[in-house]
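Colleague: Annotation source TrEMBL lists transmembrane segment at 20-39. The domain 'Protein kinase' feature in TrEMBL is assigned to 95-345. Among the features that TrEMBL reports, ATP binding site is placed at Lys123. What TrEMBL lists as region 'Disordered' is 347-375.
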Amino acid sequence: MSVLDTAFVDTELSKKTSIFGLHLWVVIGIVVGAVIVLIPSNLFASLPRAAGAAARALPEIQIDMGKVEHRVVFSDRGASSGESRATSGAETGSFGDENVIGEGGYGIVYYGMLADNTKVAIKNLLNNRGQAEKEFKVEVEAIGRVRHKNLVRLLGYCVEGAYRMLVYEYIDNGNLDHLAYLHEGLEPKVVHRDIKSSNILLDRNWHPKLSDFGLAKLLNSERSYVTTRVMGTFGYVAPEYACTGMLNEKSDIYSFGILIMEIITGRAPVDYSRPPGEVNLIDWLKMMVGNRKSEEVVDPKLPERPASKALKRVILVALRCVDPDAQKRPKMGHVIHMLESEDLLSRDERRIARDSSSSLREEPSASRLEQQTKQ
């Protein structure tokens, strides 16, 4: 069922807000959701500190893959010691096409159920043969302990030979496109690596949650980046990450900027069905802003057009997030400040915007848009 078709969403998400003069369904993903980046670092303070604490009795799930059964151990704290045991067994069709509920660059997601009738989403990871079992377990166990109301819980995992699986809580209402929520604020930092509209889900109470959190990377405070195999969704991946494999939180900022553009324009990051000059969303948006046509980029499906200044400000924030120079992209806390503020940019912000636009001759967007915003 598409949550966008329900009467509830049509009514509630069309209400006006005081932020940007936009409707709730447009800005909720940008403003309210972005608060996720301020998740307090003391989330980890609640984790069990006794290394030798006795394990509680844990439920089990049988995951069938071909002729191999995998037992995944779960904890009420999230991903725990993911013991895996291969035994003989017949194929049950658990991973049949009829149970597919999602698919992306990381793998295929299947619907499943625990012995206690708890619904789960099982992600069978693809192209994961290069990651050692120990490394996989360490990262998944650390990330599985993170708790936040807007994060899909990682319940467990499975490791068997080259196979890697992640088991999440099942979110009833599927994904709601064009809502964006981000990470940050944890120690160690967690870089999501796959921020995109289809990773925003709604639970039965219509609470938005960021999914695929178990595929994130940990970034210790001693390092400004981590080198890893490039993973993500085409069109959302930051250029420096795609070219070098060097990942940090600014890579997610880039993806978040793409999401803002997607929300405002209703266009995909890359759409080969469009004319040559409109295939790439960033290039097209820069061209439109440079030609003083920012009013024409708004999604025609929006029930009401946003105020001109509000629109230009949101576009400016998006363009700053996708600056080709990762160091010039704002931190997420600053992004929230810019989106929530009704004032024009400060002098320092205008200077940064000019510097950002001057990095590319074909990118007059940021500084010119700021001038237009004053008009």
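Heads up, the Cβ atoms here are built off N, Cα and C, so glycines get one too.
Since we're looking at a predicted model, the values are computed, not measured.
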Colleague: Please report the number of other Cβ atoms within 10 Å of the Cβ of the residue listed as 'ATP binding site'.
Modeller: 25
Colleague: Kindly assign Lys123 (ATP binding site) to one of the three DSSP-derived states: helix, strand or coil.
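Modeller: It is in a strand.
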